[in-house]
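J.: So TrEMBL lists the following for this protein:
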- GLU165: active site (ACT_SITE)
- CYS122, HIS164, HIS168: Fe cation binding site (BINDING)
Amino acid sequence: MLISKIHNNKKIDMTLDILMSAILPVAQKGEEILKLKAATIASDEFSSEWLIGLSNAMNVTMFERNGVGIAAPQVYVSKRVIIVASRPNPRYPDAPEMQPVVMINPEILSFSDETDLGEEGCLSVPDQRGQVARATTIHVKYFTLCGEQIETTFSGFPARIVQHEIDHLDGILFVERL
């Protein structure tokens, strides 16, 4: 499977082998891909080698860059895929520990009325951090890599990450919420 993307005005073709082990380039504020609404993953794409490879490469990229979440548009793939993986690291020393969760076509079904102002940063906006108001609890529906539908609730910092990453899928950067 070959995936093509544009990076710095050059077309890059990524094969499955590259996706499985690569630290991918991260799109930066101002790049068009970060302004687009990402495409839905079709049901026949669940469990595909390219989707598994993409999620693996996103995970490696996120961890290597000390992120706690990443969205496919940040790695030049305009698809509705995010990974949420809160853990303490140099960028977020007080983050709670959680296993990485790959979410395909995530959708927030409900938001708590209670909001919290918290500091956010972004791999696509490395030179800026800011205080963003987010719902403290959200109820989310998403699909796993295998196509299993999950409904769950996130609270606190993980809820903040999910909201931040879903914003990326809708072409919104956190700096637009400051």
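Along the chain as shown, residues are numbered 1 onward.
Quick reminder: no glycine exception, Cβ is built from N, Cα and C everywhere.
Where the annotation comes from TrEMBL, it is an automatic prediction and has not been curated.
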J.: Between CYS122 (Fe cation binding site) and GLU165 (active site), what is the CA-CA distance rounded to a whole number of Å?
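T.: Counting only the Cα atoms, the answer is 10 Å.
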J.: Using DSSP, would you call GLU165 (active site) helix, strand or coil?
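T.: DSSP assigns GLU165 (active site) to helix.
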J.: When you measure from the Cβ of GLU165 (active site), which residues in the chain that are at least 6 apart have a Cβ under 8 Å away?
T.: GLY69, ILE70, ALA71, ILE82, ILE83, VAL84, MET103, PRO106
J.: Hey, does DSSP put CYS122 (Fe cation binding site) in a helix, a strand, or just coil?
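T.: Looking at the DSSP assignment, CYS122 (Fe cation binding site) belongs to a strand.
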J.: Starting from the Cβ centroid of CYS122, HIS164, HIS168, which together make up the recorded Fe cation site, report each further residue of the same chain whose Cβ lies within 8 Å of that point, ordered by sequence.
T.: GLY69, ALA71, GLN74, GLU120, LEU123, SER124, GLU165, ASP167, LEU173, PHE174
